[in-house]
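*Asks:* Would you mind keeping the following structure in view while I ask a few things?
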């Protein structure tokens, strides 16, 4: 046995699962470490902009004139994640933070696999069950995407803290109190922390006894300390703590009133809805939280990960066949926490696709349980000890002859699991969004456009670059130039109006308002008859049009009259105030004359 109580065989298998998860997450190594370090996605580039300021300037900006130019924007991202990435750079230089930011999500992703294994052990105390759970989680597409090499975003960090809290909650006695510490760290890293804390709180009511629920409630007083950073967060966690403490009192009546907790949840839901509808200023944190979950913001429907009612997207992101296999376990496994957590995380994933990251955890464990039951029924012992040399089937077949487990049986089980995981492997492949054309364009802009004092976030620069908001953080971090809009969506309305403008005069009003000197366009913004893949539809929506009520031909006709068409397709040949400055294939840079 190993020091942690695992036999060597189980430890070896866990290491193999971790190595498999590690290999999948290193898939983009060559694209990340190119001529310089690049990151995966869009938001990581603004995190690194903040990290660079921390390391080189000694402060983290709370306001930035280099986005939403020329007005600037307050930075509402919470600081802990950026300080974690900045930590090695404070001692070794910014290069250390650049490398650390690349590998950090992979490290955290691997630790999440181990945590799922540990949580599964707390659920059933069965090594095989826990190993299969860890395997499923390691290949789950959404967990891979969130922890890819170079994905320097807070998502996998938040998932790790949630899993750590859940593991501590499943521990006996006062260890449950410690679950509030990861929640505090989450509250210092992400404004949506109360959403995941609420999932854990409601699920706890259906699993633990009165005393245990009370301890979990007290643990939620620890993240109330986050009110030092943000009052909204402090009030939210205080409300969750009160919810659990009152819930522990309600648990007393469960023997007399079977559905006491259900009634209690209904009352709390009505109270929450009333707070949302009441025109009371100090309840604004409730309204903003519910609005965030419901995705009522005008920009959210145009963001891929914030789309609603993407049921197939939720199922595929959570593991395809593993999601389907998780459903029977809802009726077989006697664990209220997992069942409720699965249902709640599925519901919020339907509201916004981004929340599927927390659905992966219950899917992995529930699917593992179903698979284990299937293996039991084909005489492969999972919940029975192999050393007993006897098949202990339920019902009338308890005295059946012993089943000899051979190596080929283990190989068959492994092949079966890999077969179930094939769709996950295929869906987990995620090439870096920044193409070679973009890399060349951004580096050319950095070297050839008028220099700006990029690290002086509080000082307004002379001009801005206008592109679609998807690419704002790239232009800001790599090219070191101010932008009209970035992934915060501030300024996106003016960018959309510019690209959809039907005349040069109309477009110039935006240019003058935003002090734009350069415009960057890219092929994927345009509309082509042979494909429906375009970002022009959300551009139209944000500009105030309704493409959902237009036929494809009408959209094409509309596009052919826009500034985006006149710039990217016609290369500004028929425009007076714009000229093509540089062409990088799919990416083009225009100068305002």
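Keep in mind that glycine also has a Cβ here, set from the backbone N, Cα and C atoms.
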*Asks:* Which stretch does Swiss-Prot mark as motif 'WWDYG motif', out of 468-472, 473-477, 478-482?
*Replies:* 468-472
*Asks:* Are residue 124 and residue 204 on one side of the membrane according to Swiss-Prot?
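*Replies:* Taking the topological domain names from Swiss-Prot at face value, residue 124 sits across the membrane from residue 204.
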*Asks:* Of the ranges 266-286, 287-307, 434-454, 497-517, which one does Swiss-Prot flag as transmembrane segment?
*Replies:* 266-286
*Asks:* When DSSP states are grouped into helix, strand and coil, how many residues of the topological domain 'Cytoplasmic' (251-265) land in each?
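*Replies:* Its residues divide into 9 helix, 0 strand, 6 coil.
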*Asks:* Do any residues at least six apart in sequence from residue 146 (site 'Important for catalytic activity'), in the same chain, have a Cβ closer than 8 Å to its Cβ, and if so which, in order?
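*Replies:* Once residues fewer than 6 apart are set aside, residue 146 (site 'Important for catalytic activity') is near 105, 109, 153, 155, 156, 159, 357.
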*Asks:* In the same chain, who gets a Cβ under 8 Å from the topological domain 'Extracellular' (150-154) while lying at least 6 residues past its ends?
*Replies:* 28, 32, 37-41, 43-44, 47-48, 81, 85, 101-102, 104-105, 189-190, 432
*Asks:* Tell me, what is the mean pLDDT of the topological domain 'Cytoplasmic' (376-411)?
*Replies:* 61
*Asks:* Take the topological domain 'Cytoplasmic' (176-180) and find every residue of the same chain, 6 or more past its ends, with a Cβ under 8 Å from one of its Cβ atoms.
*Replies:* 164-166, 168-169, 200, 212, 215-216, 218-223
*Asks:* Give the nonlocal contacts of the topological domain 'Extracellular' (202-229) in its own chain as ranges (CB under 8 Å, at least six residues past its ends).
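*Replies:* For the topological domain 'Extracellular' (202-229), the far contacts come to 78-79, 169, 174, 176-181, 183-184, 186-188, 193, 235, 237-238, 240-245, 247-249, 251-252, 261, 264-265, 335-341, 344.
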*Asks:* Cβ-Cβ under 8 Å from residue 154 (glycophospholipid binding site), same chain, 6 or more residues apart: which ones?
*Replies:* 47, 81, 189, 190
